[in-house]
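Working notes for the structure below.
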Amino acid sequence: MMSHASSLDEISASYDVKTVDPASVPKILYGHKESIESLVDFEWTQESRVLVLYTGGTIGMVRNERGKLVPIPQELELNIRRFPHMHDEIYSAKRFNSFSNPPLVLPDCKDKCRVVYWVYEYDPLLDSSNMTMDDWIRIAKDIRGVYEMFDGFVVLHGTDTLAYTASALSFMLENLGKPVVITGSQIPIFETRSDGRDNFIGAVIIAGRYTIPEVTVFFNNKLYRGNRTTKVSTGRLQAFDSPNMSPLATAGISIQVDYRSVFHPTCLKKFTVFDSLNRHVGILRIFPSISAETVSAFLQPPMAGAVIQTYGAGNMPSNRTDIIKVLEEATERGVILVNITQCMHGSVDTIYETGEGLVQAGVMAGLDMTPEAALTKLSYVLAKKEWDSDAKKAMMTTNLRGEMTVVNQEDEESRELDVISSIARALHLSSSEDIEHVKELLIPTLFFSAISNADLKRLEEIYRNGIEINLQDASGWTALHMACNEGLTDVVTWLLKHGASVHIRDRLGRTPLSVAIENDHHKVIELLLKTGAHLTESTQKLGEELVTAAGVNNKKRLMSYYLAEADLSNSDPCGRTALHAACTVGSVECVRFLLDANVPTDVRDRTDLTPVMCAEINNNQHLVELIAAHEEINEEVRHSVRH
């Protein structure tokens, strides 16, 4: 079989940003440029695409000439290509025969589409104990840089600080619409006995095939919410746990996902990265007879915020008024203090008198946040310059990314749908198991019916009864696909506010945005773009669609693509642009629209014809004059700018 052993290209150098931590080591990201650049020109209806970012850690180590395990640069991908259960060389060679460095492909799992993945690695590779906040920022920025090119992301990481990185990224990646899975291992991938292979393959499968738009941790066949995860063992394969939350997914014979627990973005905003953190934070663990002087010294400037780990359900010694006074003085200076428990399981509760003093001192309850989540959230919130002190305090007690358990007290949440109750009575069902089974069978049907009828009231009732908002039918359509197809703007808005994904593709590779464009629902297109939707078609496919639309005088379709932020100058396989087609058929309306969009007028197709030549050949002299007038105006504008 063919071996692709060429060295990696430098993708991006170290970012020129203000360093959070002077101890941070500048890094270069390496990968195959040719392979990733071809993404925009390739049709991806058969596969999902995953980017793997390798930061270092045990998972990628190999043995050196002395038999010692070490991280060797640019060896990970080469070794993966030699393992048939991690890379299908036959499929890759056939599908990507035009690539000098084809991507990696997971073997067929007989489930949904193939997963194609790329491995990029940082130089130097780091032991995770050397990770800094600057490294978190770097990873977040690198994801942002190629966000629209991939369906999911995997970060390979050492285990020691993995939970900190997962928690930090969960806050920094705002309005995340795609999976970011972090994994590592206790034993390297390429050892005979290895948890690394299962962790790696599982992470890539989840990132490529499942709609879980969170930062998660996959370890030992369990998928955890990243900011609920903590390291619990140095030697067991079950190295991580999520003490106060069940796994989002469990990998057995099949992968079972608890979609009801998945945290979805619920605001109509695009994905963005918040790339600033405040390092002046810390964790203080209370212990018997701790001195007030120790606490005071810890909270002195430049300390801006601290996580206080107290006993039990958030308790402090009630007779230690000296410590309470120190904490109160700190909060009065503007230091934000958050109270979490020292226990692995459970939450801070203010019902005890020993915890009431902390509340009066201005210390906020962190509920059941892990130390890693509380610390990184504090660092994130404190760096938000647009929030004042009160807003920052409010955000620390707000569930931003599913990092804390907030009990919903609304009684109506537990009400059954009237139709479910009626059917249960008619069938004489009394057990909760039987009623739950009826719900599982009927709610999806009721859900899609409410979508087609634009019944927002019924949708709210169904949602409260536990529907997976991104449920797909046999064709791969979600409720959002259906609403976009019908142009139901209010329903689309409701779905987006309840976490519907704009990135899911049906069996033909169409996203909700593709469906909205096909039906020219302009308001829906604008809503989807506002929420982070983007075109997934190749540049050549877009060129064909644009040429077809202009060739039949379909200005409305051109407007749809314009609103979807398509490049209207894309060409078809013959090198023709939409302007070529419009000039050929004499469409004044389309030519005016394209000129107003400032498409280039001098592009030559494969037969060396420009749009003007196409107009002349087809006796459309009025279009020749229209383009000439447009060029004259543009030249006048350019001249005035120069002078």
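Every residue gets a Cβ built from N, Cα and C, even glycine.
Some features that TrEMBL has for this protein:
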- 49-260: domain 'L-asparaginase N-terminal' (DOMAIN)
- Thr58: active site, O-isoaspartyl threonine intermediate (ACT_SITE)
- Ser128, Thr159, Asp160: substrate binding site (BINDING)
- 280-395: domain 'Asparaginase/glutaminase C-terminal' (DOMAIN)
- 475-507: repeat 'ANK' (REPEAT)
- 508-540: repeat 'ANK' (REPEAT)
- 574-606: repeat 'ANK' (REPEAT)
List, by number or range, the same-chain residues at least 6 past the repeat 'ANK' (508-540) whose CB is under 8 A from its CB atoms?
40-46, 148, 175, 177, 268-271, 476, 478, 480-481, 483-485, 487-489, 492-493, 496, 502, 556-557, 559-561, 563-567, 570-573
Around the substrate site recorded as Ser128, Thr159, Asp160, what other same-chain residues have a C-beta within 8 angstroms of the site's C-beta center?
Gly57, Asp127, Ser129, Met131, His157, Gly158, Thr161, Leu162, Gly184, Lys231
Using a Cβ-Cβ cut-off under 8 angstroms and a sequence gap of six or more, which residues of the chain neighbour Ser128 (substrate binding site)?
Thr55, Gly56, Gly57, His157, Gly158, Thr159, Asp160, Thr161, Leu162, Thr165, Gly184
Largest inter-residue Cα distance among Ser128, Thr159, Asp160 [record-listed substrate binders, Å]:
7
Other than its close neighbours in sequence, what residues sit by the repeat 'ANK' (475-507), given a CB gap under 8 Å and a spacing of at least six beyond its ends?
45, 151, 177-178, 211, 213, 262, 264-268, 447-448, 451-452, 454, 456, 459, 463, 469, 513, 515-516, 518-519, 521, 523-524, 527-528, 531-533, 536
Translate the DSSP assignment of Asp160 (substrate binding site) into the three-state scheme.
coil
If you run the three-state DSSP split on Ser128 (substrate binding site), which class comes out?
helix
